[in-house]
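Report on the structure given below.
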Amino acid sequence: MATSTMQFKIYRYDPDKDNAPYMQDASVEVDFSLDRKLLDVLTRLKAKDDSLSYRRSCREGICGSDAMNINGKNGLACLTEIKDLKQPVVLRPLPGLPVIRDLIVDMTQFFKQYHSIKPYLINEGPRPERERLQSPEEREELNGLYECILCACCSTSCPSFWWNPDKFVGPAGLLNAYRFIADTRDQATNERLDDLEDPYRLFRCHTIMNCVDVCPKGLNPTRAIGKIKEMMVRRAI
Amino acid sequence: MSKQSVAVRKFDAVIVGAGGSGLRAAIQLSEAGLKTAVLSKVFPTRSHTVAAQGGVSASLGNSEEDHWHWHMYDTVKGSDWLGDQDAIEYMCRKAPEVVVELEHFGMPFDRTDEGKIYQRPFGGHMSNFGEKPVRRACAAADRTGHAMLHALYQRNVRANTQFFVEWMALDLIRDESGQVLGVIALEMETGEVVAFHSKATVFATGGAGRIYYSSTNAFINTGDGLGMAARAGIALEDMEFWQFHPTGVAGAGVLITEGVRGEGGILRNSTNERFMERYAPNAKDLASRDVVSRAMVTEINEGRGCGPNKDFVLLDITHLDPATIMKRLPGIREISIQFAGIDPIKAPIPVVPTCHYQMGGVPTNYKGQVVGDDGAPVRGFYAAGEVACASVHGANRLGTNSLLDLLVFGKASGDTVIDDLRSGEIGLRDLPADFADRTLARLNRLNTQTGGASVNECRLELQRTMQKHCGVFRFKDMLVEGVAKIIEVEKAVAHTEIKDKSQVWNTARVEALELDNLVEVAKATMVSAEARKESRGAHVRDDAPDTPANPNGRDDANWHKHTLWHREGNRLSYKPVIMKPLSVETIALKTRSY
C-alpha cells in the first residue's frame with residue numbers, strides 16, 4: 001500500500017459557533033492505491049472530523065456539486081487528481097458568493113442569473129405530432145454549450161461577476177443564453193438578444209477568460225459570449 | 001424541540017425528489033395550476049438522473065421498423081417474467097409520446113441525417129419479438145440523462161414550479177385511516193423542521209444503490225423514500241432484485257454506458273477472447289445486463305480475469321473509428337481518462353459488474369398510485385421512478401427503460417394526482433396530534449447521543465456486508481449469515497453518534513438520517529433475497545441451479561410472485577404477478593435466452 005500523509009489548510013466557518021472564519025490545518029493518511037481524487041481525501045477528512053462541510057453527490061464530474069477553490073483555482077473536488085496538488089492543499093469556498101458554512105456557498109445569485117436568461121426552449125408554434133426536425137449540423141451547434149453542469153466554477157472566477165453579481169449575467173448564464181440562441185428550434189433569438197443588449201448583462205465581459213481556464217467540462221463561455229456579441233453587431237447593420 | 005416548533009405549510013401536492021420523475025410530475029402539476037412544492041436534497045440538476053448516459057427507449061422506428069409491442073415483449077423477457085404486464089404495456093405504448101414531448105421541451109437529442117432523433121442499439125432491444133437487434137435507444141451522445149434532467153428542469157423554470165432546494169424529507173405523515181397527509185422535512189441550511197401538509201404526496205426519491213460498497217450511484221442515493229415508506233407501514237416490493245451493471249470502471253465504480261457496446265464495443269477476457277459469444281450466442285455483448293454481469297464474474301472466478309489480480313475484464317473499443325468515439329461517446333472517454341487513466345481510443349477499459357439499479361421499491365400501479373397489500377391505492381400517496389415498483393422491471397431492467405420509466409410514470413403520477421384532486425377523491429384532512437413525534441424523537445436522539453457508533457463505520461459495515469453476502473451470485477449460507485449481520489448493523493445504527501451539533505448545514509446529521517434509510521433497504525434486500533429459493537433475473541443462487549425442470553434455476557411453480565417485505569416484524573408476504581396486459585394478449589412464461 002502506497003500510503004502517505006497529506007497536509008491541508010481548510011477554510012472553516014460555522015455561524016452557529018464561530019465569530020469569524022479561520023483557516024484550519026489538517027492532515028490525513030492517504031492510500032494512493034485507493035484514493036485518486038480530492039473528493040476521496042475529503043471523505044477521509046470528514047471521517048475524522050464529521051463537522052467538515054461541503055456539497056458532493058455524483059463523484060464523477062456530472063452533477064456539479066463539489067466545486068471549490070483548490071490551491072487558488074476553482075475546480076471540482078471529484079475531478080482533481082491528488083498527486084498533482086502542491087501541499088499544503090489550500091481549500092476555500094468558491095470566491096465571490098456568500099459563505100454559508102465551511103466550503104458551502106450560497107448560490108442564490110448564481111442561479112438567479114441563470115434563470116434570468118429564460119433557460120428554456122421558446123417555440124410557440126403548434127406542437128407537431130412527431131419530433132421537430134433538426135439536421136446533425138444544426139444540432140452540432142449545441143455541442144460545447146448544453147454540457148454545462150452549473151457548478152459555478154466559471155462565474156465565481158470572473159472578476160466582472162465579483163463586482164456586479166446582481167447585474168452581470170456571468171459566463172455560465174451567458175453560455176446557456178447562447179445555447180438557446182444557437183438552437184434552431186428556438187424562436188426567441190431577437191428577444192434574447194434584446195435582453196442582453198445592456199451595459200451590464202453582457203458587456204461586463206472583458207474577455208479575461210478565467211472562465212475558460214477553470215471550466216471542468218472544457219467549455220468555452222468566452223467564445224459563446226463572443227458569438228452573442230457578433231450576432232448583435234450583425235443585426236445592427 | 002417542542003411540538004409547537006414544527007411549522008406547517010399547506011399544499012395541494014408535495015413532490016419529494018427533483019430527479020427525472022419528480023421533475024416530470026412537477027411539470028404536470030405546475031402547468032395545471034396546482035399549488036405544488038418540490039423538495040430536493042440537492043439542486044434539481046444535481047439529482048442522479050444526471051448521470052444516465054446511454055439513452056431512453058421508445059419505438060420511434062427512426063432507423064428501422066419498430067413497434068411498442070416488440071418493446072413490451074423485450075421488457076417482459078428482460079424482467080424474467082416478473083414484471084406486471086399491464087404496467088409494461090402502458091409504459092411501452094406511451095414511450096414515443098413522452099420522448100417526443102421531451103424533444104419539444106428542448107432536449108438536445110442527437111440527430112439522424114433526416115433530422116430525426118438518433119437511436120442506437122442496446123442490450124435486449126430486439127425487433128419482431130426477440131428476432132434481431134433494433135435501434136431503439138434515443139440518445140444525446142452519452143450524456144442522455146444530463147441533457148434530459150436539464151431539459152426537464154428548464155421546463156419547470158418556465159412553469160414557475162416552486163422548489164424547496166436542499167430540504168431533506170424525513171418522514172411520511174399518515175393518519176389513522178392510513179391516508180398520507182404529507183411529509184416532515186428538514187431545511188439543511190437552517191436546521192428548521194417543517195411539515196408539508198398536502199392533499200397528495202408524490203415520492204420521486206430515486207434509488208438506494210449506496211447500500212453496496214461498490215456502486216455506480218451518487219452519494220445521495222440512500223433510499224430515503226423507501227426508508228420513509230417502510231417506517232410508515234408501507235411494504236416494499238421485490239427488494240431482492242438489484243441490477244449489477246456490467247461495466248463500472250474497475251476500482252472507481254463509475255458507470256460506463258451499455259451504449260459503448262451498442263456502438264460496437266466488445267468485452268474481452270485475459271486471453272483476448274470475446275467471451276460473450278459463449279454465453280449469449282445470438283445477442284453476444286448486447287445480452288441483458290444480468291446475463292452479461294454473470295458471464296463476467298464467471299470469467300473472473302474461473303481465472304480469466306485481467307490485471308495483476310485477475311479481477312476485471314476489458315471493454316474494448318479500440319477497433320472503432322476515433323471520430324465515432326469523439327462524436328457518440330465523448331463522456332465515457334472523459335471518464336476513462338479521469339478514473340481509469342486510459343484513453344479508450346488507444347487501450348481497452350478495465351471494467352467490473354457494479355451495483356447500479358434497484359428493480360424493487362414502493363409498490364405502485366401503472367397510474368402511479370402507491371398500493372397496499374390488497375392492491376387498493378393508499379389514499380393521497382403516489383410514487384414514480386426508481387423508488388417505485390410498478391413493476392415494469394421485474395427481476396431485471398433493460399437498459400434505457402429507467403429513463404423511460406421516469407418520464408412515463410412521472411407524468412402518469414402527476415395526471416393521477418390531478419384526477420384524484422378534481423374528483424374529490426382526496427382532500428386535505430387534519431394532521432394527527434402526534435404527527436411529528438417520531439421524527440422529532442429521531443432528531444433529538446442525534447442531538448443528545450453520546451458514546452454511540454460512528455455513522456461512517458456503520459455505513460461501511462452495511463455496505464461491505466451487502467457486497468459480500470448479496471452480490472451478483474448468491475449463496476444460501478452467506479444469505480442466512482447476511483441477514484444476521486444486517487440485524488447487528490441495525491442495532492448499531494439505532495445508537496449512531498455525531499459530533500457536529502450545529503443547526504447550519506449539518507452534513508453529519510444528514511448522513512446519519514440517510515443511514516436510517518439505508519439500513520431499512522439493506523434489511524429488506526437481504527431478507528427478501530434469503531427467502532427467494534430460486535434464480536430469476538438478477539437474483540441467482542447456488543442452490544437453485546440450471547436444471548431441465550427449472551431452466552436457469554427459475555422455479556415458476558413456487559416463485560412466480562412478487563415479494564412484499566414488511567418492516568414491522570421483518571416479515572414477508574407475496575402477491576401474484578399481473579400477467580394480463582391492458583389490451584394485448586398475455587406474453588406467456590418462457591425460458592429466457594439471448
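Glycine residues also receive a Cβ, built from the backbone N, Cα and C atoms like all the rest.
Per TrEMBL, the features are as follows:
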ACT_SITE  B:ARG289  active site, proton acceptor
BINDING   B:17-22, B:40-55, B:ASP224, B:GLU386, B:402-403  FAD binding site
BINDING   B:HIS245, B:THR257, B:HIS356, B:ARG397  substrate binding site
COMPBIAS  B:530-544  compositional bias 'Basic and acidic residues'
DOMAIN    B:12-403  domain 'FAD-dependent oxidoreductase 2 FAD-binding'
MOD_RES   B:HIS48  tele-8alpha-FAD histidine
REGION    B:530-558  region 'Disordered'
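Residues from the set of binding-site residues B:VAL42, B:ARG46, B:VAL50, B:HIS245, B:SER402 situated with their C-beta under 8 Å of a chain A C-beta: B:VAL42, B:ARG46, B:VAL50.
Taken over all pairs of the listed substrate-binding residues (B:HIS245, B:THR257, B:HIS356, B:ARG397), the Cα spread reaches a maximum of 14 Å, rounded to the nearest whole number. The Cβ of B:GLY17 (FAD binding site) lies under 8 Å from the Cβ of B:VAL38, B:LEU39, B:SER40, B:SER47, B:PHE203, B:ALA204, B:THR205, B:GLY206, B:GLY225, B:GLY385, B:VAL387, each of these being in the same chain and 6 or more residues away along the sequence.
Cβ-based neighbour count (10 Å, all protein chains) for B:ARG289 (active site, proton acceptor) stands at 25.
There are 37 other CB atoms within 10 A of the CB of B:SER21 (FAD binding site), with all protein chains counted. For the recorded positions B:ARG46, B:HIS48, B:HIS245, B:HIS356, the largest tally of other C-beta atoms within 10 A is found at B:ARG46. With the fewest other C-beta atoms within 10 Å around its C-beta, B:SER402 stands out among the binding-site residues B:THR257, B:SER402. Reduced to three states, the DSSP call for B:GLY54 (FAD binding site) is coil. The DSSP secondary structure for B:HIS245 (substrate binding site) is strand. The local packing around B:VAL42 (FAD binding site), expressed as other Cβ atoms within 10 Å of its Cβ over all shown chains, amounts to 26. A simple way to gauge crowding: the CB of B:ARG397 (substrate binding site) has 28 other CB atoms within 10 angstroms, across all the protein chains here.
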